[in-house]
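Notes to accompany the following structure.
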Amino acid sequence: KIDHLSQAVAKSRRIVVVTGAGISTSCGIPDFRSNGGLYPLTEGNKPKTQTKIRELFDINVFRDQSSAAKYYSLMAEMKRKVDISTPSPTHDFIHKLDSKGKLLRWYTQNVDGLEQRAQSTGTGGDAAASLSDGHTINKDVKVIRLHGDINHVICSLCHSVFVWEPDVMESFKQGIPPSCPHCTQLNDNRIRRGKRGISIGTLRPDIVMYGESHRHGVEIGEVSGCDMASSPDLVIILGTSLGVPGTCSLVKRFSEKLGSQGCTQSNHCLGSQGHVIFVNLTQPPSHMKPFIDYWIVGETDRWSRICERSWRSLNPKDW
C-alpha cells in the first residue's frame, strides 16, 4: 500500500504539502508537546501539560513581566538550536517536489525557517521564497509560514520587522526585550527637532501567538483560495498532530475539494490521485479522520526516502 501511495506522488502534478514540528525533530529542533520538547528547556526538563504550553505561547504572556521574560529566554534557546541545525531528508524531499514541478504550495506550521536553508543546499527549486521579511504574500510565494518565522523579530508598536541579530539574542537570553531601532530613531529625530518624544516599542520574535491574528491572514486566505481553484491532485500532511484549528480548517477545505472519503475506508481507490495522505507517528484527531484518506504510521524522513525510491523507479524521466 505504501508503495502504491508513493506511486501516486510520482504521478501527481499539483501537490499541496502541510508540515509541522515532526519534520524538524530529526534536525535537533524540539517540538512543543513531548516531555523532551521545547517547553522543558527552561524548566529543568520537568514534564509540563499542553495547557501550560499554550499559556506560554498565548498573546497574554506579554501582560506579565515574569511570564514574558520566560518566553523570551525560551525563544533564545530555540533560536540557538535552529542556528546549529541542518534540514532533514523530509525538507529535501519537499524541495525535490518543487524542482520537479510537482509542488503547488507548501504550508508550514514551523517557525524554524529550515525550508529556506534546505533550498540553499541545492536540493530544490524556488520553494524557499517566503514572506518572513514582512513582504506581502502573493500567488508566487511557494512557502506559506502559518505561524511566522523565528529568524526575524517584530516591533510590538510600529510592527517593523528586523533580522534576529546577535545583540537581540543576548537581550532575549536575559529575558529582556530590546528596544525597536525604528521607534528609537524616530524618537531621537523628534527630540533633536525640539519636539515631544514618542513611545518606543520593544522587539519580540516574529511568531504568531495564540489569541492573535496573522498579520498576513487575508493574503493567506487569498492564496489558499487560488490553490483550491487550481485543482490540487494530492495533499500530503507531514509531521503534525493537527492540533491547531486554523491548520485543521485548511486541511478540511482541501480535503473537501479533493472529495476525500475518510481513513475509515482503508481500501478505496488504492494508489489513485486526489487523496489526502497523513504521515505521522501518532494518529490524526478523531474529528479529522473523515478528511484523511490514508494514515502512514512512521517518521516522515523514512517515508520520504521510500517515496523517492518508488518515484525514481516509476518515473525515471523525472530524474
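Using the three backbone atoms N, Cα and C, a Cβ is placed for every residue, glycine included.
Annotated features, as they stand in TrEMBL:
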{"type": "ACT_SITE", "residues": "His147", "note": "active site, proton acceptor"}
{"type": "BINDING", "residues": "Cys155, Cys158, Cys180, Cys183", "note": "Zn(2+) binding site"}
{"type": "DOMAIN", "residues": "1-319", "note": "domain 'Deacetylase sirtuin-type'"}
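Using a 10 Å radius centred on the Cβ of the residue listed as 'active site, proton acceptor' and all shown protein chains, the other Cβ atoms total 19. Take the Cα of His147 (active site, proton acceptor) and measure to each of the binding-site residues Cys155, Cys158, Cys180, Cys183: the nearest one is Cys155. Fewest other C-beta atoms within 10 Å: among the binding-site residues Cys158, Cys180, that description fits Cys158. Listed in chain order, the residues near the Zn(2+) site other than Cys155, Cys158, Cys180, Cys183 are Ser156, Leu157, His159, Ser160, Ser179, Pro181, His182, Thr184, Ile200, Gly201, Thr202, Leu203, each with its Cβ within 8 Å of the site Cβ centroid.
Note: Cys155 (Zn(2+) binding site) has non-local neighbours Val161, Phe162, Cys180, His182, Cys183, Gly201, Thr202, Leu203, i.e. same-chain residues 6+ apart with C-beta under 8 A of its own C-beta. In the shown protein chains, 20 other C-beta atoms lie within 10 A of the C-beta of Cys183 (Zn(2+) binding site).
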